[in-house]
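Taken from TrEMBL, the feature transmembrane segment covers 97-118, 139-157, 169-187, 199-219, 225-247, 254-272, 284-302.
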Amino acid sequence: MDSKKRTCVKECKNTGVIGSNIISHCQSQENDSTSAGSSWYTQEPLYMQWKHQSCMSDCRYYCMIRREEERQLGGLSPVKYHGKWPFKRVSVFQEPLSAALSALNLLTHFIGWLSFFLQVNYRLPLRPQTKRTYYEYTGLWHIYAILSLNAWFWSTIFHTRDIDLTEKLDYSSAVAQLGYSLILTLLRTFNVKDEAGRVMFAAPILAFVTTHILYLNFYELDYGWNMKVCVAMGVVHIVAWTTWAVVTHHPSRFKVWIVIFGGALAMLLEVYDFPPYKGYADAHSLWHASTIPLTYLWWTFVRDDAEFRTSTLVKKAK
């Protein structure tokens, strides 16, 4: 953050005014004297802490817009502020396009999971004795759906209102979903069915992912390190599913190929970033857009896999 923007933010916090914009969250901050490091019984109420966070967020936004207008007049390109590109708000949405696309991803995952749930429980045969599904990975895909819905929910909230809390919830949820996806990928591609084998695969990944989430939340929210971790897990995903698609004779392996190829291209948008076009569409929002059709296709593969495995196991039972 340059000196001009730093001065602007300081003045905004003190006066609650930037040009013609009045920052309501910065008005009447009667508890400014309370120390953030003081005892719990002297700390300000939660709603006041939220008010201070909103004041800082609004001041940073309007000072950023003012600074970017000055840079444009000087013929300069956009730069990042606090690690983020300068986006234009729409109503309460700080990154409107990414928020809308995150919500669509959430809806796509819900529809995909619901169709999978109805298929395995009502359209495919169940085991006669237990009335449970023949498909060995049913429960694992349900957990995958819950974590995916949670990740895209917090992505929607974070892109709507970017504060410290929503940012950490977004990053933590995304890492948790990606880590669990890696576990599920290895279990399915290696066809691990017994509980002991599943624990052996899952334990080290769970330990690493949990440690990484704790690091991001309580030590340092290191964007560069988090990107490296996520890309590394994504590469393992791609290698595992690519190998599986090559050696297997699964009838829907072509869908896996499409998702792998599309996912690899989409990952490049996260690695090679660029400023938002007209203040709205950046590489990250385009990545959100690309995951919608890939998610839909992926859930069709999951349903196909459940049908294929169920058919195989029913034939063996007979």
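Note that Cβ sites are derived from N, Cα and C of the backbone, with glycine treated the same way.
Using the rule of three or more Cβ pairs under 8 Å, pairs at least 6 apart in sequence, the transmembrane segment (97-118) is in contact with the transmembrane segment (284-302). When each of the listed stretches 139-157, 169-187, 254-272, 284-302 is scored by C-beta pairs under 8 angstroms to the transmembrane segment (199-219), 169-187 comes out highest. Non-local neighbours of the transmembrane segment (139-157) in the same chain are 98-99, 102-103, 105-106, 109-110, 112-113, 116-117, 166, 169-170, 173-174, 176-177, 180-181, 184, 187-188, 288, 302, 306; each lies 6+ residues outside the stretch with a CB under 8 Å from one of its CB atoms. With a cut-off of 8 Å between Cβ atoms, the residues of this chain six or more beyond the transmembrane segment (254-272) that come close are 227, 230-231, 234, 237-238, 241-242, 244-245, 283-284, 286-287, 290-291, 293-294, 297-298, 300-301, 304.
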